[in-house]
């Protein structure tokens with residue numbers, strides 16, 4: 001067909017393109033979901049058991065999408081001793097829109113001012129919770145294209161998930177993840193193995209430009225999420241089976257071939273149901289299911305149709321039970337951030353990846369295939385996979401990325417819990433002020449984590465000014481350094497002390513390529 005390569009053609013790409021480094025940011029305070037149940041007057045366990053949520057992170061009016069992304073980017077650059085001139089592409093995935101024209105990416109360029117690096121491609125990508133994954137694919141495609149200049153790509157996924165008072169509010173959260181993409185990575189994107197499904201649906205959307213709150217069709221949203229998973233998994237299985245056949249292996253792909261399986265997580269219970277859903281797909285596709293012990297007791301469901309089972313409690317219960325061991329082995333650990341911080345929209349699935357990397361050693365991760373299901377309402381979804389490098393030696397890229405996340409649980413534990421009424425007051429404050437001009441935020445600066453960027457003011461022309469809460473390493477800085485405003489050329493951010501040049505030319509050498517709340 002037009003545009004396709006001949007079967008005998010060889011394409012060349014940089015070697016092992018993938019995730020080189022990962023940084024995650026979440027706010028310094030949370031509300032306990034058990035306490036929120038009491039405050040909301042609902043049955044005990046509705047949020048903690050029914051949704052599977054323990055705590056929900058939130059931010060005051062001191063933080064917005066720009067400050068979240070500035071924080072996670074600068075943290076990644078500093079923790080990895082990177083120079084700002086080693087970034088050649090920067091793209092943001094978000095659905096938290098505070099300006100209909102100016103991108104979050106352009107705000108992030110303030111961090112690059114001192115380096116003088118303005119030659120950075122990419123802008124923002126938006127489709128509910130899928131924008132981060134679309135940005136990741138764009139980054140990979142850039143590195144594997146003739147446009148690549150040998151530098152890293154940086155992807156930022158971040159959101160503030162807030163809901164009006166009611167059943168959906170406990171499925172909120174806040175967070176941002178930054179992913180450094182490049183060759184010779186410890187987490188490698190498997191080429192040709194993406195199963196994508198896109199369709200038109202009004203399951204979750206935000207048409208009101210004056211409100212942060214979405215319009216949600218809860219039942220439709222659950223159906224859309226699960227049906228997209230069915231479609232994506234089916235396409236992925238066909239593609240990897242075709243690859244295996246070329247290698248002389250005719251076995252069918254199943255859940256057992258994933259070392260880990262992570263999901264976009266609006267709430268933890270949906271993720272558990274989703275893994276069970278994948279087992280249902282395996283069951284229906286297995287011509288020898290009677291000989292497989294994992295399907296023992298499921299014989300009665302041999303003739304069900306996938307499209308008839310989205311709300312079938314008997315099917316759901318049976319396959320959740322049958323997949324319980326698989327869930328414990330492959331998915332449960334990925335829910336650390338989701339359970340403790342809530343839904344982070346575009347960054348949710350990458351928070352799940354961070355959770356896995358934080359809880360397993362390089363030796364336990366080496367060689368594993370990580371399945372990744374990304375979903376965004378409206379809708380767009382992809383199931384793809386990462387292959388972990390085999391090199392788990394001390395000082396290896398895999399050792400470095402896991403070491404950088406080893407403090408994830410302690411960081412979550414270091415947050416401050418606040419009473420539900422204080423949380424509600426903050427939500428009301430956001431609702432009343434997020435669109436105001438000539439506004440100075442009321443939230444405490446001292447309560448923020450050190451190194452957090454925050455909103456100083458919004459002027460009469462809606463222009464936003466930010467500052468960074470000092471870190472111990474900032475003691476020698478002059479007072480006022482760290483205050484940035486896009487219209488003041490003299491204000492800047494100090495770059496990391498250690499300068500790292502662009503990727504060496506050798507790295508670019510090619511190698512022959514043979515919910516009831518809305519699940520967005």
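Numbering starts at 1 and runs along the chain as displayed.
Cβ atoms are placed via backbone N, Cα and C, with glycine included.
Among the candidates 238, 273, the residue that Swiss-Prot annotates as N6-acetyllysine is 273.
Cross-referencing 107, 167, 341, 343 against the CoA binding annotation in Swiss-Prot, which names 44, 45, 46, 221, 269, 273, picks out 167. Checked against Swiss-Prot, the residues 348, 374, 410, 516 yield a single entry marked phosphoserine: 516. Comparing residue 129 ((3S)-3-hydroxy-3-methylglutaryl-CoA binding site) with residue 95 (active site, proton donor/acceptor), their Cα atoms are 7 Å apart once rounded. When every Cα pair among 44, 45, 46, 167, 221, 269, 273 is compared, the largest distance found for this CoA site is 25 Å. Cα to Cα, residue 44 (CoA binding site) and residue 95 (active site, proton donor/acceptor) are separated by 32 Å. Neighbour counts of Cβ atoms within 10 Å were compared across the binding-site residues 167, 171, 221, 343; the minimum falls on 167. DSSP gives residue 45 (CoA binding site) a coil state; it is part of no helix or strand. Farthest C-alpha pair in the (3S)-3-hydroxy-3-methylglutaryl-CoA-binding residues 43, 44, 129, 167, 171, 221, 264, 273, 343, 377: 29 Å apart. The shortest Cα-Cα distance between residue 43 ((3S)-3-hydroxy-3-methylglutaryl-CoA binding site) and any of the recorded positions 95, 167, 221, 269 is the one to 167.
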